[in-house]
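Student: Before we start, here is the structure in question, set down as structure tokens.
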Amino acid sequence: MSNSKVRIYELSKELNLDNKDILEICDQLNIAVKSHSSTITESQAERIKAKAEKLNHQMAGKIHSGSGIDRGQNLAKERKQEILAIHHKPNRPFSSTDAPVGSGQSSPLIEPPRPPMKPQPPSPSRSEVTSPITDEPVSTQEDTNGSSSSHEREPQSPMSPFDQQQPEQNTTDHNQEQQNQLKYNQEQSNQLEQESAISSELSEVNVSKLLRPPVRPSEKPASVPSPSKEKEAKSNEPTKAQPIISPKENKSHSKENKLKLPSDIKPKPNKDKDRDGKKPDKEKDKKSLSPQPKVKRESREQREPRESREQREPRESREQREPRESREQREPKLSTELKRPTPPKPPQKPKQAEVAALAIEPEDVEDTAEDLLEEDPLEALTQKPKLKRPTPPKVGKRQNWDEEEEETEEGKGKAGKAAKAGKNKRRQLLLEDEDDFDSDLEEILEIPTAVSISTARPPKPKSMKPAASGNGASKNVKAPTKAEPGRGKSAERERSERKDRKEQPQRAETLVLDKTMTVRELAERLGIAETEIIRILFFKGIAVNITQTLDFDTIQAIAEELEVQIESPEVKAAATKTTEMLDANDLENLHRRPPVVTIMGHVDHGKTTLLDSIRKTKVAQGEAGGITQHIGAYHVDIEHEGKQEQIVFLDTPGHEAFTAMRARGARVTDIAILVVAADDGVQPQTREAISHARAAEVPIVVAINKIDKPESNPDRIKQELSELSLVPEEWGGETIMVPVSALKGENLDTLLEMLLLVAEVGELSANPDRLARGTVIEANLDRTRGPVATLLVQNGTLRVGDTIVAGPVLGKIRAMIDDRGNKVEEASPSFAVEILGLNEVPAAGDEFEVFENEKEARALADQRSQDLRQTRLQQAMSSRRISLSTLSAQAQEGKLKELNLILKADVQGSVEAILGSLKQLPQNEVQIRVLLAAPGEITETDVDLAAASGAVIVGFNTTLASGARQSADQEGIDIREYNIIYKLLDDIQGAMEGLLDPEEVESPLGVAEVRAVFPVGRGAVAGCYVQSGKIIRNRQLRVRRKGEVIYEGVLDSLKRMKEDAREVNAGYECGIGVSKFNDWQEGDSIEVFEMVMKRRTLSTK
């Protein structure tokens, strides 16, 4: 035997114990096991059995309600309803003198634990009829069990009708039993506290049955709202209510309860006695055992009073299916127990009324009990767990039972059919019995359960609370809920896919072609699949992939193939005003503001000099090459009609590269001054400035400068401007023209007066009492101050400390400096200031706004920076004029040349201008790749980047950081510095041409005419006269006859006066011989040339 192995779960079945109990015993005996499936030796199994028997005896003594070994046996048989079996069996063997605790009695004991739902008086009556001697010991044990159960049951005053019958029949026995019960109750009260953990386990099993106690009030009356509810509660609580009552309360009130209950219960015990003389004793034992598990159930009911009646009803129905004899036996015990608890008495008063109303129902209960006794208890036990699960159908039945008992019987038959579908016919019988038990159980259980729950024992810890009761239903509910969202998602996907399918077939009728696009972008615009475009191009002999960029010609070819009309977008002028700085809230607080005047014109026409003469400063002398290369903002105070007026001037560059700057200046200005030199006339940048001003819809004032020069001709300027629709006022037009001399300061006052008059007509106004808004005029990175931006405030007031967002750049203003270098605390509308405190250099032309909430400002800046990053990526992908697919092939063939540049300038506007000019250079053979373009000084980081990529560093009006020059010398990096933009552009173009391979060019040397032909041997020699240039031996020659080339070859021999000569100059005669050509004729023309390698220039092809 020692070699044989035993599984833990097999041993638990044999001992009718839980696997958990067996594992605990193994831990106590130091037997190493991992789980219920672990194997142990036969000797270890014997040790466990012995230990289990000891524990069962101990538990039986402690808890007469059935928390001992029999409990484990009952659990094994009542697996599904572990609560009933576990607690009742230990009490039965212990209480019954007839049967030992052995396994032999476990089977009969199994039956009584199920009936604990309804104890009936026949048990005491039977004991009296059969034999007082046997009954007395049984009664004592029953009393002890009953006392323990009664303590638990006493709160269940609804069972009083049955209990009252028992005391009347067994008054003498009850006196003895009460004394014994009092003793047992004291012992049990201590033992119950110690074994609360065990009861909690049983309660966990029963939680499903105990789903809802009627009410948690400590008093019984509160728990009994109505007879119908009481009935339901009784049906649900019979097993639960008994175990809940505390032993102390039972002792104190046992006598009173006994006196109250005996009157009504006598007839029921008589029936039981007649049916089974010996069964009542067993049933009593079973009842005593069952109530203790019921107590546990009640405690759980107290904890979980809100459980649905549906869940409780299935449990109660199962309990009701148990033999009624056991219930009757329990009832007398409950009567004794109920006598003891006095506190439940006040609630019992309403209970008595309810009991009187329900007194009619006991007969039905007895009948159903008799039927149940005839049935096999084991079958009922096995059926109980199955019945517990179908809670929803039972709920409907209960409602029917409460309202119409007759209809419920019919419903039970239907329910029985449904139960048969579950495999067991027994379920039908149990369902039929449930009707009778519901009324009685509801009456008996409702009130006492609430009291017992509150008084019997403290609530079990959450960890001990059984989740099994709701598991079945919860799992059933959760599963569909989990599946439902999945189904919903799949349904949503299908819908979205259907929508996409419907949308795709709709092709676009027109295509706005504003930029190059990838295959994917074009497919989205046209509303077709990418494969369709790839197929079209494939048939045209062009292989592309989905991410490849298509040029305009290819896109047009695809559109024609698909019969889609191409439209070119309307090009908006760069100077068009896009944002209105004033909103509706500002209309009530508008104040006049100074005008913003932009000085525009062709390069070297005297714009900056004119501004200097107005401001009485010397800005132009500091400009490199005498040309303005970034916007300057200046304030001028002027006296007009005795008032101090202010004008803000913006000086824009006139060089062609600074188109964006001029457009930006026109966009933020109120009045445009067009400066035209009287000695130079209208130039291209003059026309551009006019177009910018008109796009911005600002009035134009023409200043004809340099009238002090003798060659000046103002009338010619007026004539040229009138051709551009700028007709002077003296000629009947509307354009104000003022001849001025910037150097001598002539007519400057007249010009300023004209500006103020135009400003008055425009009624310029702003709201200074709001947060500032405006435009970034210029921005740069200062080596000491960090990012610096020149802002023009167009509305509101800008103050130090404001949180500002300029495009994607966030910052908090640390300082503001005006045009003369003075620090200011605030800037009112129309004033331009430099600010410090930005975290990056903003782009010139970006609009800025001040926010009160920094969090909101940061969110906006982050969103803009993300959008900007995306647009830059798209531009980088489409900027190359050679597609990525052909890039590698050309690079391998050596046809592709790239010039990598790193551009650093003083301000953002200069960077913008240089990049715009670089794009205008022809890049068919050499492409310019600008790796980095930013304002600021040249740093070592830039040198490292250039070394890694082979780039050239170009600096414009900037300096080198410390260490940058030394690092560049070590790495051999070329750093070019410029202060005039057109020199920078010329050098970059020369560098691009230097990357091109030199080409072989034909260089003519001389021309000779054939005067005579001399045959020599097999060949012939041409006597020639050199007409121009010179003839050199071993050079290329071309023979022309009557204008047509008849031969090209090499001049093999050249003789002068019968001697070989290396070359012959013009005006001399010579003989020319060619080895492969002898067909000379007089009058032929011989052209001599050589091939020379020449540097190529950029072609615009």
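Quick reminder: no glycine exception, Cβ is built from N, Cα and C everywhere.
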Student: Swiss-Prot lists region 'G4' for one of the ranges 613-616, 621-624, 705-708, 745-748; which is that range?
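Tutor: Within the set 613-616, 621-624, 705-708, 745-748, Swiss-Prot attaches region 'G4' to 705-708.
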Student: When you get a sec, could you say which of 1-5, 71-75, 626-630 is annotated region 'G2' by Swiss-Prot?
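Tutor: That would be 626-630, per the region 'G2' entry in Swiss-Prot.
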Student: Between 35-38, 567-570, 651-654, I'd like to know which one Swiss-Prot lists as region 'G3'.
Tutor: 651-654
Student: Using Swiss-Prot as the reference, determine which range in 601-608, 713-720, 865-872 is annotated region 'G1'.
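Tutor: In Swiss-Prot, the region 'G1' feature sits at 601-608.
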Student: State the count of C-beta atoms found within 10 angstroms of the C-beta of D604 (GTP binding site), not counting that atom itself.
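Tutor: Result for D604 (GTP binding site): 16 neighbouring Cβ atoms inside 10 Å.
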Student: Check the region 'G2' (626-630) for me and report the mean pLDDT.
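Tutor: Average per-residue pLDDT within the region 'G2' (626-630): 43.
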Student: Around I707 (GTP binding site), how many other C-beta atoms are within 10 angstroms of its C-beta?
Tutor: 21
Student: Around K607 (GTP binding site), how many other CB atoms lie within 10 A of its CB?
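Tutor: K607 (GTP binding site) is surrounded by 30 other Cβ atoms within 10 Å.
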Student: I'd like the per-state residue tally for the region 'G1' (601-608) from DSSP, helix first, then strand, then coil.
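Tutor: Each residue of the region 'G1' (601-608) counted once, the result is 2 helix, 1 strand, 5 coil.
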